[in-house]
Amino acid sequence: MYLLIVFLPLLGSSVAGFFGRFLGSEGTAIMTTACVSFSSIFSFLAFYEVAPGASACYLRIAPWISSEMFDASWGFLFDSPTVVMLIVVTSISSLVHLYSISYMSEDPHSPRFMCYLSIPTFFMPMLVTGDNSLQLFLGWEGVGLASYLLIHFWFTRLQADKAATKAMPVNRVGDFGSAPGISGRFTLFQTVDSSTIFSRASAPRNSWISRNMRLNAITLICILLLIGAAGKSAQIGSHTRSPDAMEGPTPVSASIHAATTVTAGVFMIARCSPLFEYPPTALIVITSAGATTSFLAATTGILQNDPKRVIAYSTCSQLGYMIFACGISNYSVSVFHLMNHAFFKALLFLSAGSVIHAMSDEQDMRKMGGLASSFPFTYAMMLMGSLSLIGSPFPTGSYSKDVILELAYTKYTISGNFAFWLGSVSVLFTSYYSFRSLFLTFLVPTNSFGRDILRCHDAPIPMAIPSILLALGSLFVGYLAKDMMIGLGTNFWANSPFVLPKNEILAESEFAAPTITKLIPIPFSTSGASVAYNVNPVADQFQRAFQTSTFCNRLYCFFNKRWFFDQVLNDFLVRSFLRFGYEVSFEALDKGAIEILGPYGISYTFRRLAERISKLQSGSVYHYAFAMLLGSTPFVTFSRMWDSLSSWVDNRSSFILIVSTFYNQKSSQE
């Protein structure tokens, strides 16, 4: 059963890929959806056995790499964090598959799409169940490949092509940290087995001084792993690829941003908690990066006009919460928020996809409006998802987001306070852009084309069923799972996310945090919704004043252009690397030294030499006679002088001459 969880999506993807043209759209949809759905059912059974039953499962399948002391085997570890992630990945993916049957029904390449959609559902379980670094890295690279294939599905669209091309180098930047981090772990611990590495993490390690800073090997490895996690989980610097992923079909956005690719970095940090607990510098860096990302993404989303991009920036912001929750040593709360976030984020994406699908693929909220009467079901779904996203009381999101802010406050450190206040202010912006999307799409006077209004329709049954199930998860999962997963005294995690006793502050945040601190998110979320209502549908005079003011125009441009992050990265990094790649790598090396000294240069040299020698073949007899004379003259001369030269050429005579010379020199010195 445990292996079927991992390999059933691979079976569905393989059948759809190799036999899709024979099965047709319906056959591939049924095959892939059935495989992922059975994997989801088995995940719930594994969850029941492993987590509440406190019975972790380890399966060693076969040896993979064995060389002297180095051993890496195909092994699968199913513990509490693993089964939680398996439920998130397989359940969300199965609902996205079901949604895609109707959403992609008119696309002629839907078999290929269903094949691609099952790929991350295989590689993500491979990542979370891997018991060694190499197997984790295999899944890590697989989800990056899957995101490229899915974003690039509509490859005839220029923007989709550019977005997929951008996603790969950003993933490679993250791999620039994760690959050396994994290599450093092997160098330091002489093994890739995770349990062995974690059990030896507390041993003191050598440190060195660099630029008046004491650097520890564990600290360096953790920072490298953080760079890898930032590349996958869209943290600051690598967050620019996340909104570009919206160029793919809407089910792609839901799968990547709710369940698979972007959650890989958060899980890796939680899995490697025994390493991250010991270097305090690494925890401070993680906290700062996560808090900055949550604020940056929240402020960027307030003036975006594509509903999918708004939701994408909300994903970056929520991932920032998860990362800085890991930075304050509360990995279980981070994974809990990851699980909650998956339900309401998938609900928001699928609801936005329903609107876009019915409005003839229109993705500008300013060209919508007044759709609440035409989409009452979708409006209700987006409202429930938005309430859960902003952390309003009682929906799923409040049970984890509020706990993260309380934990940051009771950390009583500079980094903790920094994360608390940035996270609290981010609640205001999150509430603003969530309700701004609702108002512009559903409540303001319509600004749509008449033909779109006449043809629009609410979500059909195959698209409505996944939305209903996700809405139930967005409302009740947090309430049902909070005490089990992060309640005081729970043994749910069985010490799998390891936390040092000095970093354990969950009880203090529950009982010692002031009530006013716990209530801070409520006025922030209420204020954001109120501002969104008053600024967008009502205050036309304010909007005109905002548009005519020079300062407000520049402020609008700053946030709408995403803090100019893309321009700065292009001007200062991308162009320099492209110039280096062309002038040095391409011209000087590939077309220069390697081509001259390599096979092409050798063949070119011999070809030119043969051409020059061939010019000596003139066809004239006297030229040949002269050449024969030149060739025979040295031979005849040498043969006639052989008698005088033979004493120098004879080996025995030469040996006698050398030995006699040596003895003569020795006797003269005495």
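Quick reminder: no glycine exception, Cβ is built from N, Cα and C everywhere.
Where the annotation comes from TrEMBL, it is an automatic prediction and has not been curated.
As annotated by TrEMBL, signal peptide applies to 1-16.
The transmembrane segment feature in TrEMBL is assigned to 27-48 (among others). When Cβ-Cβ distances below 8 Å are used as the criterion, the transmembrane segment (27-48) is approached by residues 1-2, 4-6, 8-9, 11-13, 15-16, 20, 57, 78, 83-84, 86-87, 89-91, 93-94, 97-98, 100-101, 110-111, 114-115, 117-118, 121, 125 of the same chain, each at least six residues removed from its ends.
Per TrEMBL, domain 'NADH-Ubiquinone oxidoreductase (complex I) chain 5 N-terminal' is recorded for 64-114. Mapped onto DSSP helix, strand and coil, the domain 'NADH-Ubiquinone oxidoreductase (complex I) chain 5 N-terminal' (64-114) counts 29 helix, 13 strand, 9 coil.
According to TrEMBL, the transmembrane segment annotation covers 83-101 (among others). Long-range contacts of the transmembrane segment (83-101) within its own chain (CB-CB distance under 8 A, at least 6 residues past either end) are made by residues 5, 9, 29, 32-33, 36-37, 39-40, 43-44, 46-47, 50-51, 110, 113-114, 117-118, 120-121, 124-125, 128-129, 249, 251, 254-255, 258-260, 263, 267, 335, 338-339, 342-343, 346, 350, 353, 462-463, 465-467, 469-470, 485.
Positions annotated as domain 'NADH:quinone oxidoreductase/Mrp antiporter transmembrane' by TrEMBL: 132-420.
Annotation comment: TrEMBL describes 136-155 (among others) as transmembrane segment. Within the chain, the transmembrane segment (136-155) has long-range Cβ neighbours (under 8 A, six or more residues past its boundaries) at 109, 112-113, 116-117, 119-120, 122-128, 130, 161, 163-164, 167-168, 171, 175, 178-179, 182, 194, 228, 232, 244-245, 247-249, 252, 255-256, 260-261, 264, 268, 271.
Taken from TrEMBL, the feature transmembrane segment covers 215-231 (among others).
As annotated by TrEMBL, transmembrane segment applies to 251-270 (among others). Counting same-chain residues at least six beyond the ends of the transmembrane segment (251-270), those with a Cβ under 8 angstroms from any Cβ of the stretch are 81, 85, 88-89, 92-93, 96-97, 99-100, 103-104, 117, 120-121, 123-124, 127-128, 136, 139-140, 143-144, 146-147, 150-151, 153, 174, 178, 225-226, 228-235, 242, 245, 276, 286, 308, 311-312, 315, 319, 322-323, 326, 331-332, 334-335, 338, 341-343, 345-346, 349-350, 353, 497.
Annotated transmembrane segment per TrEMBL: 282-304 (among others), in sequence order.
Residues or ranges marked as transmembrane segment by TrEMBL: 310-330 (among others).
Positions annotated as transmembrane segment by TrEMBL: 342-359 (among others).
Sequence-distant contacts of the transmembrane segment (379-397) (same chain, at least 6 residues past either end, Cβ-Cβ under 8 Å): 314, 318, 340-341, 343-345, 347-348, 350-352, 371-372, 427, 430-431, 434-435, 437-438, 441-442, 467-468, 470-471, 473-479, 521-522, 525, 528-529. Annotation source TrEMBL lists transmembrane segment at 379-397 (among others).
Under the heading transmembrane segment, TrEMBL lists 418-439 (among others). Under 8 Å from some Cβ of the transmembrane segment (418-439) lie the Cβ atoms of residues 287-288, 290-292, 294-295, 298-299, 301-302, 304, 307, 310-311, 313-314, 317, 320-321, 324, 327-328, 365, 379, 382-383, 386, 389-391, 401, 404-405, 408-409, 411, 520-521, 524-529, 531-533, 535-537, all in the same chain and six or more residues away from its ends.
The transmembrane segment feature in TrEMBL is assigned to 459-481 (among others).
Here TrEMBL flags 621-642 (among others) as transmembrane segment.
Tertiary proximity for the signal peptide (1-16) is limited to same-chain residues at least six positions away from its ends with a CB under 8 Å from its CB atoms, namely 23, 28, 31-36, 38-39, 42-43, 45-46, 57, 59, 61, 76, 78, 86, 90, 93, 111-112, 114-116, 118-119, 121-122, 125-126, 129.
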